[in-house]
Amino acid sequence: MSKPTREEAKEAVRTLLKFIGEDPTREGLLKTPDRVVNSYTEIFSGYGKDVAEILNTKFYDTCNFQDFILLKDIKFTSFCEHHMLPFIGTVDIAYIPDNCIVGISKLARIVNAFSKRLQIQEKMTVQIAESVQENLKPLGVAVKISALHSCMSMRGVMQDNSVMNTMHYTGIFAEQQKYRYDFLNLTAKR
């Protein structure tokens with residue numbers, strides 16, 4: 001599949017405007033195709049991100065740190081691949097290092113890399129956890145995503161406040177309930 005040109009993308013926006021009954025040549029919509037293409041370039045910039053490269057800078061002097069590292073409430077906005085409507089939420093990531101750690105900003109960067117794509121929350125949860133597991137090789141990883149989906153609030157069942165939670169565990173988090181319990185207790189929204 002070849003990537004359409006910028007002009008072809010702008011023409012597609014004009015077509016959608018006509019589809020909903022709008023006139024793409026009216027004053028307020030003249031620059032809309034260009035704005036939408038610019039927005040999509042930013043919103044979907046995760047396709048160009050290499051997660052392995054993001055997690056490449058590791059620190060090995062951890063002073064024998066053996067408990068888990070938790071970064072909570074990483075905010076994100078993504079777009080569901082089914083309706084192309086936003087879902088907005090937070091990600092909590094914990095890992096128990098084996099022999100290395102990464103700077104905490106790297107965890108937020110991988111959330112951005114995966115959220116700035118067409119997504120489903122379940123897949124994004126697994127992608128984040130498995131990428132940390134694969135690249136850092138920790139004893140285990142836990143990821144929890146909580147999100148509001150506008151495909152449920154703007155259309156269909158019209159549920160404004162329904163929050164979807166997904167979790168994925170690897171290693172010791174998957175094997176031992178105590179670690180899952182501690183993670184869920186620390187990430188519970190109060």
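Cβ coordinates come from backbone N, Cα and C, glycine included.
Annotated features, as they stand in Swiss-Prot:
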type	residues	note
BINDING	C80, H83, C151	Zn(2+) binding site
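Other residues of the same chain near the Zn(2+) site, with their Cβ within 8 Å of the Cβ centroid of C80, H83, C151, are F79, E81, H82, M84, L85, F87, H149, S150, M152, R155. In this structure, C151 (Zn(2+) binding site) is part of a helix by DSSP.
Around C80 (Zn(2+) binding site), taking its Cβ as the centre, 18 other Cβ atoms fall within 10 Å, counting all chains.
Taking Cβ-Cβ distances under 8 Å and a sequence gap of 6 or more within the same chain, the neighbours of H83 (Zn(2+) binding site) are C151, R155.
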